[in-house]
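Heads up, the thing below is written out as structure tokens.
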Amino acid sequence: MPHLCPTNTSLLELHLTGIPGLQHLHHWISIPFCIMYLVTLAGNSTLLSVIKADPSLHLPMFLFLSMLAVIDLVMSTSITPKMLGIFWFHSTSISLDACLTQMYFVHAFSVMESGVLVAMAFDRYVAICNPLRYLSILTSPIVATIGLATLLRAVVFMSPLTFQICHLPLCSPAIVDHSYCEHMAVLKLACGDTAFSNTYSLSVSTYVGSFDSLLIALSYVLILRAVLSLSSPQARKKAFSTCGSHLCVMALFYIPGLLSMYMGRYHQDLPPHIQVLLADIYLLIPPAFNPLIYGIRTKQICDGARRVISQ
């Protein structure tokens, strides 16, 4: 099979170091990483099964939740098995094609997850602020269009990054100081001019992180304003609890991701393991927590699970 990047013949195999400076702790670090991955697999798979099996859950909110579950499964599976192989068996080698494929999947699905989180915030805004028009606004074609738009945005944004690095000559030593093929870590191996890739990566990450988080914040401000007008203290308390847990999970996705990118670019004296751990956190923790926050804490999901089990 031909290589993905036929013009780049300088290196055909790379080596991932895991978490630089903490190699002696890899076995201990692997324990929470493995637990989070197992929770991700079990939680998101169960969520998808329940939503598929119960027709009463075939609503826009749960369709967006299904998209999020699929994205989380793909994103986690793209990096965690290889990461655990490094921690447990010192299996550091990865082919250039596999590395670039992993890099594309990780970054593209991160952009997709951000888009779906915006869609879910909008869904909650419509459900709370315009409940009578909820199903007329978020029809099946609209939900499908939003899902397709998040996919196309990720492809459009991430393809130039992979294309550019494909056509840069990579120099030895072929060592990537990271636990997965993160774009900036792989880019450090390039011998050619990396100005475009650096600027483009920073611009896209800043745009996606700031623009999407701003839309999410705006949606929840409008939601909270509507919640404050509720007469029932119990209803307000429940709404605040739900919104708070959602915002905490979103913060765990956006803040570590942006911090790892900016620290790696502007704080060269920072210990490398901090940047790598931040990058790992934003890819591992949200996929494990999303099914717990959006699933177990959602009454419809719990009721749907009981109906599926009883059947």
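Just so you know, the numbers here start at 1 and follow the chain as drawn.
Each residue, glycine too, has its Cβ placed from N, Cα and C.
Sequence annotations record features per position, and here TrEMBL assigns domain 'G-protein coupled receptors family 1 profile' to 43-294. What TrEMBL lists as transmembrane segment is 28-50, 62-84, 104-122, 134-155, 207-228, 240-262, 274-296.
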For the transmembrane segment (240-262), the distant same-chain contacts (Cβ-Cβ under 8 Å, at least six residues beyond its ends) come to 110, 113-114, 117, 121, 124, 184, 201-202, 205-206, 209, 212-213, 216, 220, 223-224, 227, 275-276, 278-279, 281-282, 285-286, 289-290, 293-294, 297
- Task: Could you tell me whether the transmembrane segment (207-228) and the transmembrane segment (104-122) have 3+ CB pairs under 8 A, leaving out pairs under 6 positions apart?
- Result: yes
Taking every residue in the domain 'G-protein coupled receptors family 1 profile' (43-294), the average pLDDT works out to 87
Outside the transmembrane segment (274-296), at least 6 residues beyond either end, the same-chain residues with a Cβ under 8 Å of its Cβ set are 19-20, 33, 36-37, 39-40, 43-44, 46-47, 50, 65, 68-69, 72-73, 75-76, 79-80, 83, 106, 110, 113, 120, 177-180, 182, 245-246, 248-249, 252-257, 259-260, 263-264, 302
